[in-house]
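Features as listed in TrEMBL:
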type	residues	note
BINDING	H629, H633, C733, H737	Zn(2+) binding site
DOMAIN	82-776	domain 'Alanyl-transfer RNA synthetases family profile'
Amino acid sequence: MIHMAKLLSDKEQKKAFKKIAEENPGKYYPITVLKQKGFIRKHCINCKKYFWTAVHTKETCGEPECNDGFTVVNNNPKKNHLSFIQVWKKIVEILEPRGYVPIKRYPVVARWNPTTEFTIASIAAFQPYVVSGEVPPPAKKLLIPQFCLRFGDIENVGITGSHCTGFVMIGQHQFVSPEEWDQDQAFRDIYDFLVDGVGLANTEFVIHEDAWAGAGCFGPCMEFFSRGVELFNQVYTLFQQTPEGPIGLNLKVLDMGLGMERVAWFSQGTPNIYEAIFPLVLQRIRERTKVELDYTLYNRFSQFSAFLNIDEVEDMNEAWARVGRELNIDPITLKEKIVPMTAVYSIAEHSRSLLFAITDGKLPSNVGGGYNLRVIFRRAISFIDQFNWDIDMGEVCEWHAEELFEIFPEISESLNEVKAILEIEKQKYYATKKEAEKIVKKLVKKEDITEEKLIELYDSNGINPELIKAAAAKLGKKIKIPDDFYGKVIARHEKIVQVHATNKKIDIDLTNIPDTKKLYFTDYSKTENSAKVLKIQKITHEIEDEEAEGEQMLKITAWAIVLDSSIAYPTSGGQLHDNGWINTIKFIDVIKLGGITIHILDQEPDFKEGDTVTLKIDRDRRKLLTQHHTATHIVNAAARKILGNHINQAGAKKTLEKAHLDITHYDSLTDEQVNQIEQVANELVSREIQSNIRFMERSEAESKYGMSLYQGGAVPGVSLRVVEIPDIDIEACGGTHVNNTREIGQIKIIKSQKIQDGIVRLTYTAGNATKALFEKNEKIKKKLSQILEVSPDELVARSQELLEKWRMLRKAMSTGDYSEYMTTLTIKEKDPDQSLHVLSRFFEISTDMLIGKIQKLKEEWETMRKEIQQIAIVVGEKNVEYLVENAKEVHNVKFIAAIYPNMDNKVLSNLGKALLKKVNSGLIFLIGSSPKGVNFIVMRGEKIKEYNLSKISKQFLQKVNGKGGGKPDSAQGFIQNYKEEPEKLFEIFQKLVFSSIELNK
Ligand SMILES: [Zn+2]
Ligand SMILES: [Zn+2]
């Protein structure tokens, strides 16, 4: 047994174990085999690492720093010349007879693995549950050609000659008991593949002793190096850390992941990795682009390509000049020759990654992993754009599918969709590029483009900073993109909730409480069970206020109850919990903690631990939630049928009133698409399909149905609850579901909205909720038809007419200039679409708010209709003439005063203007009176500038206790609750005017 400090970090653990293993290599490394094969143990004179070599004079370990760097392409002896696909066939040929089962690759979108978005290594296919021992592996010893994606080095692809964003990691894995574990043989298996299969002489590689640690487990490992390149690392995960110190694992895991691209490259000795892995695609691209190949130059160039790492280089031109000096070529010629070559490689490489990612269900977008896909797409297309090549990325994908058909036939299946998605991506690229240039041109003149501005442009215009950088560079401006740019953007975005599970923490002691028997798994329509009370505890509990919009929480005193079995559904998988009663006491929340269901009572229970009780749930609530949940599976399937195989669930929520499903799609949906999805969904419902719900071994379910099982995200546990609607949908799901699709009732999609780049939210009702919705809508229609005085199927045109005339009248209210057209509603037209949807979109409000909105419009329109006639009279020619004729002339001033009921200052001011056109020595005082008080305006003509109305009205307002103000030639105000005769105000004002003349004299 090994003795070490307790619970170290992975890094500390690795270091500590490496020391132990170094001192006793015979115990931890397969040295018997190594010696047999003619290897001896050496100590690197440079880095002091222990390594094994067949070249007995060798003193350095072969790491690039300790050796002469990277020398794959120099004097590389020809090996067995394996093509890319032959590498896989060869390892199968050698290892299959030794008991390794070749299995199919897993998707690159790691739906089953909660720790990673993309599959980044072959072992990730078996994380976390196979590796942890919870779930049996597909085979104890296996081989897998796992396509992986890593986006850490995008800018180096095509340049260094060895970098890829997508690669096949061949996994040699074992998941066996300590008795079955044979480390020497595992080592011999991979060694034989390398020497006999690939044809690498044993003098061509060295093997390092090392250690590995991760997730609390650790073990020794052997790293294979050749010509400065790590070929692979064979890891033996044998031990586990515990508080009592390390112990041997019951499940020994062999983790060897070998880059298929690298092996093909070594075996063929091609000038770079790309030439070895997709020669057919490269040949076709070259036929189109006529790019000449100069391998010698490319090889010399790749040795210095690190100088062009754009993350580190300040001045790109200087960097090219530097490489040129090294190669003794002038930089312009160098660039002209090299850039097209690197472009060809990048286009080929990026297309391959996109092909796998899109096929497996990830779309280019602005968010998360989808963003990486957009970045590589744009990098590739900007090359095509720059050189004006006749190349289509979708077509390149087609070539890849053809070249890889023998090993990955599945990627040919969704080619048309991949092409359609890339076509849209292309259009987006050109559109944003154009916009970026326009915006940057404008911005560069005005201001510096700050980080804040970059984020804003990205968020609101969808222009990524690389395009802005490029556009600015054209204008001679340099822009710095912050390192964590996309992190900052993502932090701003709304999160999509995939699992609507409660994160509620409950302070409850569950020691020795067994998992609850969950009776809802078997039949959703059962609503009652009897059970034994295992635990009662008084707690403080937070409940979601379901009535309130948003996440309002209420804190209450409550009792947590655990039973040995329960029919009640706890909030999980996006489905809300049941409500119900234990005996006669109501429970208001149900929560899942591990395998235990906890019922929350808001009253003290009348039973005690050990009692047998009866649990009943609210049937109607359960039925609604169940209809909405199965409808969600159906809508998902219908959307996939209409929109394509790229549709996957990105999130979902099911409540009583409605449900929503977030789907992965690259564009907003058209009305037609939404209607089609609804139609297909209802067709599926009407087929009366019996659902098939059962528990299955995880590995069996995965191999039978594939990883698209995990629509609701990763699910823990050895066995999965598989919800199958035969021929339509299969998901691993813990929710309650109908037994027959007919029970879902009618599905009505009420809204479709793009909530994020690449994500569309469909909101819908099913069954009883749809009935309730229709009833409610009928009521709304009936009420609207009363308000609008048309029949319920003529609402749309009439509503539009009302809004139009309301607007016209409102405009006419200050001038009095109206026509009869505005004061009558005449349009009667049958609505082509009988739903309230059209109205709700027209007014941009929800259907619930339509009555309020339209009623208000109608009332306002009615009021204006009455008032406008009065206004027209007041502002009209006749009234103006009348007032002018009756003006009182005092001290060369024509004094005009009038009072009108319910007339606002806007109208009065228009009347004032009309009056002053006729009398330029006029002084106008107009009052509008209403129950609230009086408003007034004063104005004067051109000829009597000596009267300062701003001053006079100030004195006036003080006297009458009003509010207001103005300029020397006009002023206005309001006197609240003015109870006396308005005529009195004239007198007061007149006096003030005259006294101001006295003062001026
Ligand atoms: Zn070394
Ligand atoms: Zn589900």
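Cβ atoms here come from the backbone N, Cα and C positions, even for glycine.
All annotation found in TrEMBL is predicted automatically rather than curated by experts.
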Cβ atoms other than its own within 10 Å of the Cβ of C733 (Zn(2+) binding site), all chains, total 27
Could you find out if DSSP has H633 (Zn(2+) binding site) as helix, strand or coil? helix
If you count the other CB atoms within 10 A of the CB of H737 (Zn(2+) binding site), including all protein chains displayed, you should get 27
Within 8 Å of the Cβ centroid of H629, H633, C733, H737, the other same-chain residues by Cβ around the recorded Zn(2+) site are T630, T632, V723, E731, G735, T736
When pLDDT is averaged across the domain 'Alanyl-transfer RNA synthetases family profile' (82-776), the result is 86
